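First the structure, in the form of structure tokens, and then the observations on it.
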Amino acid sequence: MAELKYISGFGNECASEDPRCPGSLPEGQNNPQVCPYNLYAEQLSGSAFTCPRSTNKRSWLYRILPSVSHKPFESIDQGHVTHNWDEVGPDPNQLRWKPFEIPKPSQKKVDFVSGLHTLCGAGDIRSNNGLAVHIFLCNTSMENRCFYNSDGDFLIVPQKGKLLIYTEFGKMLVQPNEICVIQRGMRFSIDVFEETRGYILEVYGVHFELPDLGPIGANGLANPRDFLIPVAWYEDRQVPGGYTVINKYQGKLFAAKQLVSPFNVVAWHGNYTPYKYNLENFMVINSVAFDHADPSIFTVLTAKSVRPGVAIADFVIFPPRWGVADKTFRPPYYHRNCMSEFMGLIRGHYEAKQGGFLPGGGSLHSAMTPHGPDADCFEKASKAKLAPERIADGTMAFMFESSLNLAVTKWGLKTSNCLDENYYKCWEPLKSHFTPNSRKPAEFN
Ligand SMILES: [Fe+2]
């Protein structure tokens, strides 16, 4: 496949035409009486019409047929997609999952949509406030099927296998260690090339933004120009057997048939688009003297709540970096948090847990549930010589951190069969080193 082209920037006003149809974007207006090339004009609104300019999001699509050209939607099998947060009772324990198993294609062909599994979540879809964490486990490309989400935005974190994503705005190739965001309402279809796995953070009713930088200044963390937006690409393809449009609406799946590919947008302009980002481009900031900055310095994207500084969900990464802090216990500190912390591992070994937390697995530390380095990590880091050292080379762990209290689904706790019943044991060997009569560091045995 020829290398794909992208537009660079975050949240910009962009314009793109498929080069096969030069001049397909109307000049000077959005809604001509007749569009160039006799296309249909269609607006996709990602914010209320009346939002302030800084948060107002919409794009204009110029397409062969408008999206409304479809048969009625009908309810379909939900699979493992849910927004029922009361399937099982709450569980405050530290939870950890072994790598979620990908079905073998010889057993069952599963595409991205049929391979969606809701792991945990909170909030209310109907009032546009909340989130869900899904795991996708698939082995087959979506064939004459696309998906769109009426409930919220998908932040997709591939962990194994690359994703070729067809969208109404063009094509994106998203590989492990890259992420993409497909916002509410955007239709997409995913081709995969092997047994494929990844994580999805879905937020209802808000969009992801870059975090404010405060005293950090104008640059740093995820820089806007490293976000990549697809360029217009269309196919004028009839599908006599019917093309299936799958919609997640109020948490339920519906399907409608149409006779043409939905990727029939010849040109578009606007600031409401899908985008991708390579996590290698994250400019890491860290303590260069002593102690830890809180992990919020690793925030790539945030979906803000209405309360200042409090996120529905933050997407945070723990990238390769230098550890240089003097006189400091360098691994993550022991912690209890009013926020909920779901972690996943794209590759490598997470520094606070050398075993047990594996790529393709996950962990959930719920509100005020204690967590921190395992006993082995504590012992080693308490005695380590504090030279500058590389941390997390070849590793990419991430966190979805939320102000909501997450409920785990029945699939997460039982059906997936991946819950690690022994997780708590990693802290059992922690022992007291207290020496009431001496302030000097204890010698470890
Ligand atoms: Fe934490």
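Glycine too: its Cβ is placed from the backbone N, Cα and C atoms.
In TrEMBL this protein carries:
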- 5-279: domain 'Homogentisate 1,2-dioxygenase N-terminal' (DOMAIN)
- 281-434: domain 'Homogentisate 1,2-dioxygenase C-terminal' (DOMAIN)
- H292: active site, proton acceptor (ACT_SITE)
- H335, E341, H371: Fe cation binding site (BINDING)
- Y350, H371: homogentisate binding site (BINDING)
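On the structure: features taken from TrEMBL.
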residue	record	Cβ contacts under 8 Å, 6 or more apart
H292	active site, proton acceptor	A325, T328, P332, Y333
H335	Fe cation binding site	H365, P370, H371, G372
E341	Fe cation binding site	L364, H365, H371, M399, F400, E401
Y350	homogentisate binding site	F318, M343, F357, A392, T395, A397
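Neighbours of H371 (Fe cation binding site), defined as other CB atoms within 10 A of its CB across all chains, total 21.
Reduced to three states, the DSSP call for H292 (active site, proton acceptor) is coil. Screening the recorded positions H292, H335, Y350 for a C-beta under 6 A from any atom of ligand 1 leaves H335.
H371 (Fe cation binding site) falls within a strand segment according to DSSP. Mapped onto three states, the DSSP output places Y350 (homogentisate binding site) in coil.
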